[in-house]
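Inspection log for the structure reproduced underneath, given as structure tokens.
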Amino acid sequence: MWVFKFLLLPVVSFALSPEETLDTQWELWKKTHGKQYNSKVDEISRRLIWEKNLKKISVHNLEASLGAHTYELAMNHLGDMTSEEVVQKMTGLRVPPSRSFSNDTLYTPEWEGRVPDSIDYRKKGYVTPVKNQGQCGSCWAFSSAGALEGQLKKKTGKLLALSPQNLVDCVSENYGCGGGYMTTAFQYVQQNGGIDSEDAYPYVGQDESCMYNATAKAAKCRGYREIPVGNEKALKRAVARVGPVSVSIDASLTSFQFYSRGVYYDENCDRDNVNHAVLVVGYGTQKGNKYWIIKNSWGESWGNKGYVLLARNKNNACGITNLASFPKM
């Protein structure tokens, strides 16, 4: 009997101190991601958000273990932010009000011939390392630069990081860290006669004066093509035949904020309200679930080393084909 009570002690002790466990997790999370706060009040409010997010992650993963979801979540560097804050500070898609489709820029796929069942341009050397846009609405610049990098590799055989900051500072028809649009960026590169390399024009994550240097020009563009809205078959053809494609999605959900692995599909993801620009770098199938390989610009500590597998052929999930385009080089 005494032995039984003794064995229970550690269990009871642990059960009575969940706050200590949370304290330890919070301190470790802050240290891991270099978090510092201006005041104790600020830290308390941020911790409450973090705890709420942690609970959502735990509940989701329990449901996933029971087969309710095809993807898992994990805590990351965005843990002390609400999903509303993430959209406000870390997206940045801003479509021009006067934008309209033109037959001159519409992509018409060549439907003859098969395309691969899967393709991953990371393995083909078309994709530069994942970047972090920080709290600047420059997703459009990273998406555009990534698509240009893919075409540069295809044309020259060389992979070179191009400058999102060049686009942030110099595309006058966009709004820098206040947001922008990918085809506007492609038009700028075409009319400007080029875009600088990342090394020549490094990213600083804020609006600066345009410092484009023609002698540091690393790539040109001779126009762009837009994928027909809602047509995932056309997007697949474009990815297979052309290369990485700039797209927009709804990134407003907590499930996207903390995506970790698996094929992301959330029925609440709003295909009619896209707000974030990313890059499709391939497609495939996992355990019977078709997906797009998406390169994000929230750093390697987000998602699966900076990437998400987004559900493919699931009724335009998250609006992935609403604003898809690629540059011509």
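Every residue gets a Cβ built from N, Cα and C, even glycine.
Record features, source Swiss-Prot:
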ACT_SITE  Cys139  active site
ACT_SITE  His276  active site
ACT_SITE  Asn296  active site
DISULFID  Cys136-Cys177  disulfide bond
DISULFID  Cys170-Cys210  disulfide bond
DISULFID  Cys269-Cys318  disulfide bond
CARBOHYD  Asn103  N-linked glycosylation site
CARBOHYD  Asn213  N-linked glycosylation site
SIGNAL    1-15  signal peptide
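Of Cys210, Asn213, Cys269, His276, all annotated as recorded positions, the residue with the shortest Cα distance to Cys136 (disulfide bond) is His276. Among the recorded positions Asn213, Asn296, the residue whose Cβ has the fewest other Cβ atoms within 10 Å is Asn213. The secondary structure of Cys139 (active site), as reduced to three states from DSSP, is helical. Each residue contributes its Cα atom, and for Asn103 (N-linked glycosylation site) and His276 (active site) these two points are 25 Å apart.
DSSP classifies Cys170 (disulfide bond) as helix under the three-state reduction. The Cα of His276 (active site) lies closest to that of Cys139, out of the recorded positions Cys139, Cys170, Cys210, Asn296. Across the structure, Cys170 (disulfide bond) and Cys139 (active site) place their CA atoms 15 angstrom apart.
Nearest to Cys318 (disulfide bond) in space, judged by Cα atoms and limited to the recorded positions Cys139, Cys210, Asn213, is Cys139.
When secondary structure is read from DSSP and collapsed to three states, Cys177 (disulfide bond) falls in the helix class. Ranking the recorded positions Cys139, Cys177, Asn213 by Cα distance from Cys269 (disulfide bond) puts Cys139 first. The Cβ of Cys170 (disulfide bond) has 22 neighbouring Cβ atoms from other residues within 10 Å, across all protein chains displayed.
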